[in-house]
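Taken from TrEMBL as is:
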{"type": "DOMAIN", "residues": "72-316", "note": "domain 'Thiazole synthase ThiG'"}
{"type": "ACT_SITE", "residues": "163", "note": "active site, schiff-base intermediate with DXP"}
{"type": "BINDING", "residues": "224, 250, 251, 272, 273", "note": "1-deoxy-D-xylulose 5-phosphate binding site"}
């Protein structure tokens, strides 16, 4: 069942009451006010009102310091806008310190068949418990395979967050947008919080939004390439046109490029190779974290104008020396 909460599409696994929803959000005991379909609901009636398909809920409360700049996806408030991958680390033992240095909110992991080595070492043992775990469907070549991997990750207790990766191209590793849309449609109906990884194409992003994706993750450059913002113009179009969090994923090689993504209005950035292959992964993770924060601050501040055809003096051009000579 899908409802709208504070302007965001929210999936519910089952029908719940207003009271249950507020308890899930730790707001039942506060000073929050609830408006349901433009009608304010008295607190004493919360337990008697069950939410229905397409209901629109507004929850308001008092806060200090103006509007909170917090990214929310799938009903979860994220502590940062840095998503981190784990596939390229040479030594799993370094991951806890790197993830901590990054202040990462979400960490991605891939499922693999168990063997003797994996039986003795579980990557989840190295991931801090305070981050959101987001399994991906790496290795899937079709929508059907992506759905199977998502089911396996849920069965392993990894929760309902899933990053859809469908890649049949073994040379350039570019996502298959059509199969990604198919997988998203299926998994959203099954209650997953779906974040699809795509080649940056506007109509694909629109169809994913219509399918109920929680966010869209377009690539900046081929995965693992560290080549930076090769798809900048297409990314900007998607950011401008899609009313979902846009998380730039793949190809970002430098903190400055992550900052540029955020200045464009991206909601978050995912990086793995740039951090894992750095000479000092911990310091690089910290640099990415600060760059993402700086880029977000710049976006919220409003970037200054750009003059393409002429200049504008920052100091007055008064003919000062000529005036002294008179």
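Think of each number as a place in line: the chain as shown, counted from 1.
Positions of Cβ are set from backbone N, Cα and C atoms, glycine also.
Within the set of binding-site residues 224, 250, 251, the entry lying nearest in space to residue 163 (active site, schiff-base intermediate with DXP) is 250 (CA atoms). Residue 163 (active site, schiff-base intermediate with DXP) has a Cβ environment of 28 other Cβ atoms inside 10 Å. Counting other CB atoms no more than 10 Å from each candidate's CB, the binding-site residues 272, 273 peak at 272. For residue 251 (1-deoxy-D-xylulose 5-phosphate binding site), the same-chain residues that are 6 or more apart in sequence and have a Cβ closer than 8 Å to its Cβ are 219, 220, 221, 222, 223, 224, 225, 226, 227, 228, 229, 230. Long-range C-beta contacts of residue 250 (1-deoxy-D-xylulose 5-phosphate binding site), restricted to its own chain and to partners at least six residues apart, with a cutoff below 8 Å, comprise 197, 219, 220, 221, 222, 223, 224, 225, 270. In three-state terms derived from DSSP, residue 250 (1-deoxy-D-xylulose 5-phosphate binding site) belongs to neither a helical nor a strand segment and is classed as coil.
Within 8 Å of the centroid of the Cβ atoms of 224, 250, 251, 272, 273, where the record puts 1-deoxy-D-xylulose 5-phosphate, the same chain has further Cβ atoms from 85, 88, 221, 222, 223, 225, 226, 252, 253, 271, 274. A simple way to gauge crowding: the CB of residue 224 (1-deoxy-D-xylulose 5-phosphate binding site) has 18 other CB atoms within 10 angstroms, across all the protein chains here. DSSP assigns residue 163 (active site, schiff-base intermediate with DXP) to a strand. Residues 224, 250, 251, 272, 273, recorded as contacting 1-deoxy-D-xylulose 5-phosphate, have a largest CA-CA distance of 9 Å.
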